[in-house]
Amino acid sequence: MNRLMLINGPNLNLLGTREPGIYGSHTLQDVVAEVKHVTDDFGYDLEDYQSNHEGAMVDKIQEAGRTCSGIILNAAAYTHTSIAIRDAIASIPVPVIEVHISNIHTREEFRHHSMLASVCKAQIVGLGIKGYRYAALALLEK
Ligand code: DQA
C-alpha cells in the first residue's frame, strides 16, 4: 500500500494561534504540507486526519491498519492518558511513529510519560513541525 496516514489529536487544529511560544506559528495546514512533500517525493498518497475525540482517533488508527503502510501520530494530550489509543496501536500490523512538536520530556511532569511510546516504532520530540517530516522519511526510506 503506497499510503501513509497522518493523525493529529486534540487542540492541534489550533496550531498557529495556540500557545505559539511552545508550539510555534505554523498551522496544521503547514504540518500537512510538510509531510506531503515527503510522501509526494516517494510516490505515496497521504491521508491526513485531525480529531479532538479519543474514540474517533481509535477508529482512524484501526482503519489505517487496514489501508496504510505507516502512521504518523501526534495524539497530543491523549498521549499521556489513553489506554484505548495504545491498544489500537498494538492491535494493528503497521508501524506508528509518535511525534510531538514540543519536547514533552522537558515540560511539566505529567507530560513526561507516554502511554503510546512502548507500542510505537519511535518517538520524535522537540523538533517543531520538522519532526513530522523526519517521521515520514523514517517510514518511507529503505
Ligand atoms: C504535544 C504535547 C502534548 O503534551 C500536548 O498535550 C499537546 C501537543 C506536542 O506536539 O508537543 O497537545 O503533543
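Note that Cβ sites are derived from N, Cα and C of the backbone, with glycine treated the same way.
Residues near Tyr23 (active site, proton acceptor) in space but far in sequence (CB under 8 A, at least 6 apart, same chain), listed by position: Leu15, Ile101, Ser102. As annotated by TrEMBL, active site, proton acceptor applies to Tyr23.
Sequence annotations record features per position, and here TrEMBL assigns active site, proton donor to His100. Counting Cβ atoms from all protein chains shown, His100 (active site, proton donor) has 22 others lying within 10 Å of its own Cβ.
Other C-beta atoms found within 10 angstroms of the C-beta of Ser102 (substrate binding site) number 17, with every protein chain shown included. The secondary structure of Ser102 (substrate binding site), as reduced to three states from DSSP, is coil rather than helix or strand. What TrEMBL lists as substrate binding site is Asn74, His80, Asp87, Ile101, Ser102, Arg111.
TrEMBL lists Arg18 with the feature site 'Transition state stabilizer'. According to DSSP, Arg18 (site 'Transition state stabilizer') is assigned to coil rather than to any helix or strand.
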Cβ atoms near Arg18 (site 'Transition state stabilizer') (within 10 Å, other residues, all chains): 14
Please report the distance from the Cα of Asn74 (substrate binding site) to the Cα of Arg18 (site 'Transition state stabilizer'), rounded to the nearest angstrom. 15
Taking the Cβ of Arg111 (substrate binding site) as the reference point, list residues of the same chain whose Cβ is under 8 angstroms away and which are at least six residues distant in sequence. Thr79, His80, Ile104, His105
Rounded distance in angstrom between the Cα atoms of Arg18 (site 'Transition state stabilizer') and Asp87 (substrate binding site): 29
Tell me which residues of the chain lie with their Cβ under 8 angstroms from that of Asp87 (substrate binding site), as long as they are six or more apart in sequence? none
